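Some features that TrEMBL has for this protein:
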BINDING   SER71, ASN123, GLU168, ASN175, TYR201, TYR253, VAL271  substrate binding site
Amino acid sequence: MADVQEELKQLREHLPAWVEASRLHAAKGKVAGYIPELAGTPANALGITVMDASGECVTVGDCDLNFTMQSISKVFTLLLALMDRGEEAVFAKVGMEPSGDDFNSILKLELVEPGIPFNPLINAGAIAVTSLIAGSGPAEKTKRITAFFSRLAGGRPLVCNEAVYRSEAATAYRNRSIAYFLKENNVLEAHDDVEEVLDVYFRHCAIELTCAQLARMALVLAHAGRDPLTGEALIPSRYVQIAKTFMVTCGMYNASGEFAIRAGLPAKSGVSGGILALVPNRYGIGVIGPALNRKGNSTAGVHLLETLSQHFGWSLF
Ligand code: DON
């Protein structure tokens, strides 16, 4: 690998052309329609921020776009649940394996004993993890999650996009089915009110940010839980190791194997078209490209990350 200064120089030079080449791939995808409020997002938008350990950024494309974290938030609720409850309690509720199914699948909850979700990054697993966040009620849990995310994103308070939250909450028949199934299987416990757990889940999915804020969150993971800009240890390194492993094995759902082969970086996608990715000990990366492939990943965003990783030889493998 070239050194960081050389890579940043090349990024400044080539990234605009790479973004335009990747943008063409948006035509192969579709903006998520099952959350009605997301449907209006511009399909061929594409933006990226790459941030190094000194906070220097290369930002190209539609980076002014605010977008909701959606499934990217699941990485960070997992981290907060691990910090709140420890590994044993978290892995009593969710497994450590890729599911091979769609992110919103309910199938294996019934088919595979003991009916716990396969991993914390599919919807079922993330809903179970959300139930473990400490707090006296949904409002306090949401407040703690938002404060944790804001701290990782550089300090400016992040906010929930109320329209996206309401839109999902009003139409989330599949997630409701999953959550009630989890209650039936005792993954959600007697004291867990299903609708309250879902409310916290929908709210953290609807937290809104920019590519630069997403890159800053990724940067903390790239540096084992320490914010390289402030020197603050924000997350125990063991938990970051767990999160990064899930990002490699399950972060792009049932396209994680293909992404590992083509890009080889820990990454997490969301149905808003956001992708968080990182190059260990080097960069945090935030991408937005709303048109999605069938597996729920940004078509243009995936192409752009593959291009960068292959050019710079960033693959971990
Ligand atoms: O629960 C959902 O369906 C959404 N709030 C999040 C799903 C998601 O982002 C899947 N990602 N590709």
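Each Cβ is built from the backbone N, Cα and C atoms, and glycine gets one as well.
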* **Fewest other C-beta atoms within 10 angstroms, as judged across TYR201, TYR253, which are the binding-site residues** => TYR253
* To do: Could you check the binding-site residues SER71, ASN123, ASN175 and say which one's CB has the most other CB atoms within 10 Å?
  => SER71
* What is the maximum Cα to Cα distance, in Å and rounded to a whole number, among the residues SER71, ASN123, GLU168, ASN175, TYR201, TYR253, VAL271 annotated as binding substrate? -> 20
* Using a Cβ-Cβ cut-off under 8 angstroms and a sequence gap of six or more, which residues of the chain neighbour GLU168 (substrate binding site)? -> ILE35, GLU37, PHE202, CYS205, ALA206
* Sequence-ordered binding-site residues from SER71, ASN123, ASN175, TYR201, VAL271 with Cβ under 6 Å of an atom of ligand 1 -> SER71, ASN123, ASN175, VAL271
* Only counting partners 6 or more residues apart, tell me which same-chain residues put their Cβ under 8 Å from the Cβ of VAL271 (substrate binding site). => ALA32, TYR34, ILE35, LEU38, GLN70, SER71, LEU292, GLY296
